[in-house]
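Participant: My questions all concern the structure below.
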Amino acid sequence: MVAAPMLALLAPSYLPGTVLLVGLCVGAGSFMADRSAVVLRDLPPGFTGRALGAAIAAWIAARVVGTPALPLVTGLLVWLAVGLTLLGLRLPVTPPTLFGAGTMAGVMGTLTGIGAPPMAIVYANVETRRSVATQNVFFAFGMAVSIAALLLAGVIGLRHLVFAVTLAPAVPVTLWAVRPLAGRVAKRAIRPWALGLASIAAGVLIFRSLL
């Protein structure tokens with residue numbers, strides 16, 4: 001949630017392609033960590049929604065990437081993601097909610113690389129291991145589908161791939177380094193800082209876009 005607005009501020013020409021390409025590495029690594037807890041019956045409706053959302057977002061991206069509208073769209077979607085996270089909504093895990101969350105995640109994730117909040121709402125009351133494992137599958141699949149959609153739309157180019165390759169070695173190192181900290185640092189202690197930084201960066205994007 002922090003990476004997308006920061007990249008949009010520092011190197012907007014690499015958004016959203018590079019975030020998605022690096023995110024695919026993160027998603028694949030996280031998915032491989034605990035495959036046994038994945039609930040397979042949850043996947044089809046979520047996958048279908050994610051594919052639909054990615055197609056919609058690719059159509060939008062083809063029209064806004066490389067224009068002044070992209071930072072504005074990114075900032076607004078980041079604020080939406082922060083708002084969804086803070087609302088604390090509770091939804092049942094059903095095919096309709098999975099499809100709806102998948103569609104919203106597809107739109108948000110393809111345009112900004114931030115597709116987790118809608119699915120996190122659906123899985124808020126689910127046992128932690130099942131929730132994390134299944135969301136990791138949605139995350140990895142979503143990144144792959146979003147990349148494919150943007151490739152078809154002509155939005156991702158060689159420069160995104162090259163930049164992502166230079167960042168990719170940091171992914172396994174980071175995943176390995178944070179494991180000892182995961183049990184020591186409370187998620188709730190990090191969350192306000194992450195949401196605050198994302199909100200500020202998104203606000204700067206929106207302000208600059210409207211000038």
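Just so it is clear, glycine is given a Cβ too, placed from its N, Cα and C backbone atoms.
According to TrEMBL, the feature transmembrane segment maps to 43-62, 69-89, 101-124, 136-155, 161-178, 190-210.
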Participant: With CB pairs under 8 Å as the measure, which of the listed stretches 43-62, 69-89, 136-155, 190-210 comes out on top against the transmembrane segment (101-124)?
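Facilitator: The stretch with the most contacts is 43-62.
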Participant: Which bits of the chain, at least 6 residues beyond where the transmembrane segment (43-62) starts or stops, bring a Cβ under 8 A of a Cβ in it?
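Facilitator: For the transmembrane segment (43-62), the far contacts come to 16, 73, 95-96, 98-111, 115, 119, 134, 137-138, 141-142, 145-146, 148-150, 152-155.
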Participant: If we skip the immediate neighbours and take only residues 6+ beyond the ends of the transmembrane segment (136-155), which ones have a Cβ under 8 Å from one of its Cβ atoms?
Facilitator: 16-17, 20-21, 23-24, 26-28, 30-31, 33-34, 38, 43, 46-47, 50-51, 54-55, 57-59, 61-62, 65, 102, 105-106, 109-110, 113, 115-116, 119
